[in-house]
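Novice: Have a look at this one.
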Amino acid sequence: MKYLRQFSIILFISLIGEIIHLFIPLPIPASIYGLLLMLMGLKTKLIPLNAVEDASMFLIEIMPIMFIPAGVGLLDSWEILGAMLIPFIVITLLSTIVVMVATGKVTQFFIQIDKKGKDDDHE
Amino acid sequence: MSNTINGFLFFGAVISLLGYELGIQLKRKFRSPLFNPLLISILVVMGLLSLFNIKYEVYNQSAKYISYLLTPATICLAVPLYRQMEMLKKHSKAIVAGTITGVVTTMATVLLLAVIFGLNHQEYVTFLPKSITTAIAMGISEEMKGFVTITVASIIITGILGNIIAETICKVFHITEPVAVGIAIGSSAHAIGTTKALELGEIEGAMSGLAIATSGLCTVVFASIFANFH
């Protein structure tokens, strides 16, 4: 029963996310509304952590397999790329690497400033 | 072959899961990031479909059920995020700075490469939302009159690549702070990357999950600005 109730709460929030998505004309999916709703629910204690925690961790654990069908769908994409194939590959690969490095470095830089500031406070 | 397979409701799901299991075994054996379970399962399924001449639609009629839980699973990313709330508060400035860097860098890189390759406007906007979660990106691409299918293909390859290289990139470039690792992965490789971040640790996973939402929302704003540049 424990998992059933947890799973019901999660699906219920998914449904609310879908309803919000239907009424707000923005390209924001139900999952993002749902994530924010769940976070607010937990924060306000409206949803106690232990009411969703186990089922959530299970869903998160099996999340990678949910991307397999989309990945296999790339089989049908090669044809439409045509002349764009080379730019497509270069843009996709290069930007992913550049963005990962830049984002990580900038975030880390600010964290180190935070930490330094705190050390100074202690002195 | 497609006709016979058509009758099996569990065929697509089973070969996907077996492919993933094979990937896990290979990864355990060879310990190289190249033996990525997600990549291996996709390649195994692609191979089987080509070998037995099975259409993607036939496979997907069964496999779509494993994607059905994607929205609920994404929502559940709020749980690790909530458990790491202190981290989020403590480093909010760094997280905001990192997220904006990620979004602007994506678009600046796409702009630069679009100019180099001489892409037209429609081709250029197709790539602007390539680093974010598919559902938001499809909306953006559609609105800017990009090629939505190509946007989706680019997003999926971005995610798989991010998933494969994340650990190595962070090591090589000395990105060691768990919060920075998480934001870097979520900003560059959305949910597919986030599954790797969750493997690396709870803080990494929580921050990567947060970055899916923040960089996705940020991209809605920045893409409309960058669309005017080329």
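The first residue you see is number 1, and the count goes up from there.
Note that Cβ sites are derived from N, Cα and C of the backbone, with glycine treated the same way.
Annotations per TrEMBL:
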TRANSMEM  B:6-22  transmembrane segment
TRANSMEM  B:34-53  transmembrane segment
TRANSMEM  B:65-82  transmembrane segment
TRANSMEM  B:94-119  transmembrane segment
TRANSMEM  B:147-166  transmembrane segment
TRANSMEM  B:178-198  transmembrane segment
TRANSMEM  B:210-229  transmembrane segment
Novice: In the same chain, which residue numbers or ranges, 6 or more beyond the ends of the transmembrane segment (B:6-22), come under 8 angstroms Cβ to Cβ?
Specialist: 37-38, 40-45, 48, 58-66
Novice: Going through B:34-53, B:94-119, B:147-166, B:178-198 one by one, which has the most CB pairs that fall under 8 Å from the transmembrane segment (B:210-229)?
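Specialist: It is B:94-119 that shares the most Cβ pairs under 8 Å with the transmembrane segment (B:210-229).
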Novice: Under an 8 Å Cβ to Cβ limit, what residues of the same chain, 6 or more beyond the ends of the transmembrane segment (B:178-198), are close to it?
Specialist: 38, 70, 74, 77, 80, 87, 91, 94-95, 98-99, 101-103, 106, 131-134, 155-156, 158-163, 166-167, 169-170, 204-212, 215-216
Novice: In terms of Cβ proximity under 8 Å, which residues at least six beyond the ends of the transmembrane segment (B:34-53) contact it?
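Specialist: For the transmembrane segment (B:34-53), the list is 1-2, 5, 12, 15-20, 22-24, 26-27, 59, 63, 160, 163-164, 192, 195.
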